[in-house]
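Below you'll find the structure, written out as structure tokens, and then a few comments.
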Amino acid sequence: MFAEYGVLNYWTYLVGAIFIVLVPGPNTLFVLKNSVSSGMKGGYLAACGVFIGDAVLMFLAWAGVATLIKTTPILFNIVRYLGAFYLLYLGSKILYATLKGKNSEAKSDEPQYGAIFKRALILSLTNPKAILFYVSFFVQFIDVNAPHTGISFFILAATLELVSFCYLSFLIISGAFVTQYIRTKKKLAKVGNSLIGLMFVGFAARLATLQS
């Protein structure tokens, strides 16, 4: 399938893409957190931010920016530390709000929803490892002798985005159903938010110590 477009072993790629999407990460956690705290609208806005951010990174990977980042340690470190700082900021903000017992529902909906999208977009864009991963993973399934490798890259990127959409939709719908139950269990919600905040701090520490 898609061999005429320079895609090799598409079904193997699809299985690999599914397993990759299932691996927990900050983007997934952010979408799940917002689907629980802000419902399906908040979850899908977070997912849209992730999709757009990933699409930009995939395009940059295809355009050769990944090679530039990999061969320029200073540039890699700048993006890496920005990403780590942002993850730490998000984690600290969640922990602070949880400890203070702030009620996010008291805020107006539109600013909150706009912030969700922006945070998800920034979260996705400030991950230098993602752009390097796209190149190293995609190149295994592209026929370099094909006349239009850009089409091959697009097919692989679109497939990954579709798999991600299906998985995140499952999380969003599940999170929305959990929302009503969580709202009646304030202690449980507080523990859950604290764990999410700590996980973001952990992701920040891991990203800060990664090497190119």
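Cβ coordinates come from backbone N, Cα and C, glycine included.
Record features, source Swiss-Prot:
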- 12-32: transmembrane segment (TRANSMEM)
- 49-69: transmembrane segment (TRANSMEM)
- 71-91: transmembrane segment (TRANSMEM)
- 122-142: transmembrane segment (TRANSMEM)
- 153-173: transmembrane segment (TRANSMEM)
- 188-208: transmembrane segment (TRANSMEM)
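Taking pairs at least six residues apart, the transmembrane segment (71-91) and the transmembrane segment (188-208) share three or more Cβ pairs below 8 Å and count as touching. With a cut-off of 8 Å on Cβ pairs spaced 6 or more residues apart, the transmembrane segment (153-173) and the transmembrane segment (188-208) reach fewer than 3 such pairs and are scored as not touching.
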